[in-house]
Amino acid sequence: MICYLERFSSFIRTLPASILQMTEMDSRPWRPFIVSGIAVALKRLLLQQQDNTMKLSLLLDWRLHVLVAVASLISEAIGIIKIPLGPGSLLLLPLFYAFIIGLLINPHLFSVTSRVVPVKLSEAAAPIILLSIMPFIARFGSTIGPAIEQILSAGPALILQELGNLGTMLIAMPFAVLVLKMGREAIGATYSIAREPNIAIISDKYGLKGPEGIGVMGVYVVGTMFGTLWFALMAGYLTTLDIFDPRALAMACGVGSGSMVAACSGAIAGALPAMRDELLAFAGASNLLTYATGLYISLFIALPLAERIFKWCSGRRVAQSAGAKATVEPDLATPPSTEERPERHLGQTAIVMAVVCAVAWVSNTINGGSLLEALPGMVILYAMTMLGLLITRFAPFYLPGVAWVSLVSIAVTLPWFPGNAWIVAQLQSVSFLAIVTPVLAYAGLALSPREFTMFRQVGWKLIIVSLLVFTGTFIGSAVVAQALL
């Protein structure tokens, strides 16, 4: 592919000069102006195409994607490990292993790995993170369409308790900014419980290389390791206090994470075995609604509110990074405007997205369907993703790519959409967790010295903030559900 692009470039390179020579030979006065304009446009197109070809050659480097595929397969083969710890279990997921493997082979962390993994591969992994999470967003949305009738028939308590997740900011944000003196990483850390869709929102709006990205990834790592245990302990303890209606606590378990909702609802049902079936039903319905509405509440309510609370807490100070002195490290945060949006270069994005989907397709073979079984589903996810990015590019108003991709996947899986049953059936062979595993491998590889510096500065703070975020989410949702029951 790159070879053909380079040949095309060499052929095109001579066209502007040839066209300009034609204008000098043409006697018609209007013709030179038109043809000169075409020549200038071709020159600009050539320069842009040359730049994109260089980027494409790096983004398609086979070593990067093979490393990620191998890391994903190893992680999926290890599977979920449950470590008993007190009344609950510490769950280690393939996502966590992939992130650790990515870190271990990151040349910025261990220079010895640069012999196998050049620094340029680490740099190429950064823009691929957002692309690689898009198929998951499409898969995520595909569960909402078939369940639209259940969602519409749910009661107000189930629907509005999602607003209780805003409790994450009311508790954690002031503490993070005023007590721990954190900067803008507090926005990424406190606006949600930092599950995969929330990471996608931060990646799409700010990028994962800035302080907001460090915040959301820090909470994600803490949640992956300890979130399930924390929710189990917290839910069981609050149930024994007899302060909340058990149904309200069950609804509060629906935070959008399968492992967390299982541990949380299991702890409540274990404390009240007579209500087990009812409590599990409430928790399941709540989690379904969180899948359906959580992405949009996070995008349109929680994140703008987090920005406002951060500004209020920090006064008029523009914090770039917690504990970082601007005179010493002024470039720790990458402005969002410097990052390339995938919808701006749809041709290049389509090629890279195909490779990314192929990596996810391979990763899916361990705990999902076989290559042949999962092929139609992966092609559908690819089509959904590219259609969403196409709409993002040409829509008369702006919505982030993750929102459009999600809306497309919801629309084509609605019960009244032609062929929806076949689409949903094909997607059953594509595992949710398996196609996210490569995303974390890319993320581990993409971390640069700046990110490592930032994480060292705020690492211990993010652990404290993460626990406050989980507590605020659960209690906030329980309070709202309790008031509406």
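Even glycines carry a Cβ here, placed using N, Cα and C.
Fair warning: this is a prediction, and the values are worked out from it, not measured in the lab.
Taken straight from TrEMBL:
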- 66-85: transmembrane segment (TRANSMEM)
- 91-109: transmembrane segment (TRANSMEM)
- 121-138: transmembrane segment (TRANSMEM)
- 158-180: transmembrane segment (TRANSMEM)
- 214-237: transmembrane segment (TRANSMEM)
- 249-272: transmembrane segment (TRANSMEM)
- 279-302: transmembrane segment (TRANSMEM)
- 345-362: transmembrane segment (TRANSMEM)
- 374-391: transmembrane segment (TRANSMEM)
- 397-417: transmembrane segment (TRANSMEM)
- 429-448: transmembrane segment (TRANSMEM)
- 460-484: transmembrane segment (TRANSMEM)
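Taking Cβ pairs closer than 8 Å, the transmembrane segment (429-448) reaches residues 64, 67-69, 71-72, 75-76, 93-96, 98-106, 108-109, 117, 121-123, 125-126, 128-129, 132-133, 135-136, 139-140, 196, 208-209, 217, 258, 356, 359-360, 363-364, 366-370, 373-374, 376-378, 381 in its own chain, all 6 or more past its ends.
Sequence-remote contacts of a segment are chain residues at least 6 beyond its ends whose Cβ falls under 8 Å from one of its Cβ atoms, and for the transmembrane segment (158-180) they are 186, 189-193, 248, 251-252, 254-255, 282, 285-286, 289-290, 293-294, 297, 301-302, 305-306, 309-310, 313-314, 319, 322, 461, 464-465, 468-469, 471-473, 475-481, 484. Proximity of the transmembrane segment (279-302) to the transmembrane segment (397-417) is established through 3 or more Cβ-Cβ distances under 8 Å for residue pairs spaced 6 or more apart.
Counted over residue pairs separated by six or more positions, the transmembrane segment (121-138) shares at least 3 Cβ pairs under 8 angstroms with the transmembrane segment (397-417), which defines the two as touching. Sequence-distant contacts of the transmembrane segment (249-272), counting only residues of its own chain at least 6 positions beyond either end whose CB sits under 8 Å from a CB of the stretch, comprise 87-89, 91, 93, 157-158, 161, 164-165, 193, 195, 197, 223, 227-229, 231-236, 238-240, 278-280, 282-291, 294, 432, 473-475, 477-478, 481.
Contact check: the transmembrane segment (214-237) against the transmembrane segment (345-362) gives fewer than three Cβ pairs closer than 8 Å, residues 6 or more apart, which falls short of the contact criterion.
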